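Asker: Take a look at this one; I'll ask things after.
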Amino acid sequence: MHYFRYVGNKFYCENVSVESLVKKYGSPLYIYSQRTLTEHFQKLDQALAPVDHLICFALKSNSNQAVLRTLADLGGGFDIVSSGELQRAIAAGADPRKCVFAGVGKTESEIEFALKKGVYSFNVESEPELQRINRIAGRLKKIAPIAVRVNPNVDAHTHAKITTGTYDNKFGIAIENIEGVYARASKLKNIKLRGLQMHIGSQLTSVEPFEQAVKKVSPLVERLKKKHGLEFFSIGGGLGIVYDPALESSNPEWWRTTKGKKILTPTLYATRLVPLLKPLGLRILMEPGRFISGNAGILVTRIEYVKRTGKKNFLIVDAAMNDLIRPAFYDAYHEIVPLTRKNGQLISSDVVGPICESGDFFAKDRPLPKLGEGDHLALLSAGAYGFVMASNYNTRSMAAEVLVNGNKSALVRERQPVEEIWAGETVAPWQK
Ligand SMILES: Cc1ncc(COP(=O)(O)O)c(C=O)c1O
Ligand SMILES: N[C@@H](CCCC[NH3+])C(=O)O
């Protein structure tokens, strides 16, 4: 379910017309629906109700303070990958005891910071990292709670750039080596073995790879629990969303099929996984990012020019790959709708940004109505891996962000002032 839809011929986020937000806050503009975030969290929470569980939102997908506060208020924890993310989560009201720290390259200072804050678990990705955590915890006279990330060598059948659970990937420790690692880790004085973690990839659209991975890893979890008294098993994130057609996910039918495809819903996910997880008798952690935030956000952009070449109709907009890189980076599909619905003939159009790269596009050969300068478009499903992946390429300011709840809306991040982009830069002393 999400709360972006047409009311008459105007596009709305919850009860607020998106056009009114653009008038107020300008463009490009990210807009998030708080009700959508809440419902997505609650859907997962209910689906996992038969097991003791904790949902740790992967804030790499969307780390706006207002988004994080929404999820912290719902009792959620957070999956973090840097001390910056931990600081951000704490600033938004997160409880560090509900935070898990993932990532293959944790630095000494990051480990020290997370230990001092008291995170629930370090999700360890290598033995040298384990040694490092033990050493730092010893120095600080602390016991570090850890889980090792197991690489189950299961193909998630997703985009190559976001698959993580095979031996071609840098993540985790091979399943065959895990028991040896736990045996050695159990001898480290400043380590507490708290759990086991895995994450096989992102934007998974079928339940089978999850099922295969849980089945493969469960016997290992049982043995580790018996030997080392583990407390939790984290099954990672990765639940995919519907990008095409995004608007249809507001239709209850979405829970069954869309465009003839079966969709991976929390109910289907839980129906297949809970029976495998419950007998383990452990706390189950989940680390969803995209499922919660993806369809809770849009990016609105203004058409600056319409340019017809011999071959193509280009809609040149004021957002660019620096605002939303997914089409350029993964050839990702984002549904695009005009803020004012137009009837009439559809024209095959390329929606492109102003950046000096041919990869700076949002859609190619997309059937769109006849549009002109000053019309606005919404790029849907932009709530996950949207703003968080933005950059200042071409010295472009980062977009503003707005949160909507019912009739209310608030600016939750100002558009970045352009001078801030080079703040901290200077010339060398001999150039003065
Ligand atoms: C360790 C870990 N957990 C959770 C996630 C969240 O993934 P997703 O947004 O697909 O749910 C990721 C990103 O893929 C990750 O690397
Ligand atoms: N950035 C990716 C997802 C990365 C998942 C991170 N582990 C995307 O937009 O699809």
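Just so it is clear, glycine is given a Cβ too, placed from its N, Cα and C backbone atoms.
Found this in TrEMBL, in case it helps:
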- 36-293: domain 'Orn/DAP/Arg decarboxylase 2 N-terminal' (DOMAIN)
- LYS60: N6-(pyridoxal phosphate)lysine (MOD_RES)
- GLY238, GLU287, PRO288, GLY289, ARG290, TYR385: pyridoxal 5'-phosphate binding site (BINDING)
- ARG290, ARG326, TYR330, GLU357, TYR385: substrate binding site (BINDING)
- CYS356: active site, proton donor (ACT_SITE)
Asker: Find, among the binding-site residues listed as GLU287, GLU357, the one whose Cβ has the highest number of other Cβ atoms within 10 Å in the structure shown.
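Answerer: Comparing the binding-site residues GLU287, GLU357, the most crowded Cβ belongs to GLU287.
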Asker: Within the domain 'Orn/DAP/Arg decarboxylase 2 N-terminal' (36-293) only, compute the mean pLDDT.
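Answerer: Mean pLDDT for the domain 'Orn/DAP/Arg decarboxylase 2 N-terminal' (36-293): 93.
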Asker: About how far apart, in whole Å, are the alpha carbons (Cα) of ARG326 (substrate binding site) and GLU287 (pyridoxal 5'-phosphate binding site)?
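Answerer: So the alpha carbons of ARG326 (substrate binding site) and GLU287 (pyridoxal 5'-phosphate binding site) sit roughly 21 Å from each other.
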Asker: Across all chains shown, how many C-beta atoms besides its own are within 10 angstroms of the C-beta of ARG326 (substrate binding site)?
Answerer: 20
Asker: Given the binding-site residues GLY238, PRO288, GLY289, and counting only Cβ atoms in the protein chains shown, which has the most within 10 Å of its Cβ?
Answerer: GLY238
Asker: Filtering GLY238, TYR330, CYS356, TYR385 (recorded positions) by proximity to ligand 1: which pass a Cβ cutoff of under 6 Å to any of its atoms?
Answerer: GLY238
Asker: What is the separation, in Å, between the Cα atoms of GLU357 (substrate binding site) and PRO288 (pyridoxal 5'-phosphate binding site)?
Answerer: 32
Asker: Most Cβ neighbours within 10 Å: which of the recorded positions LYS60, ARG290 is it?
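Answerer: Buried the deepest by this measure is ARG290.
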Asker: Listed recorded positions are LYS60, TYR330, CYS356; which of them have CA atoms within 10 A of the CA of GLY289 (pyridoxal 5'-phosphate binding site)?
Answerer: LYS60
Asker: Return the residue, from the listed binding-site residues TYR330, TYR385, with the maximum count of other C-beta atoms within 10 angstroms of its C-beta.
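Answerer: Within the set of binding-site residues, the most crowded position is TYR385.
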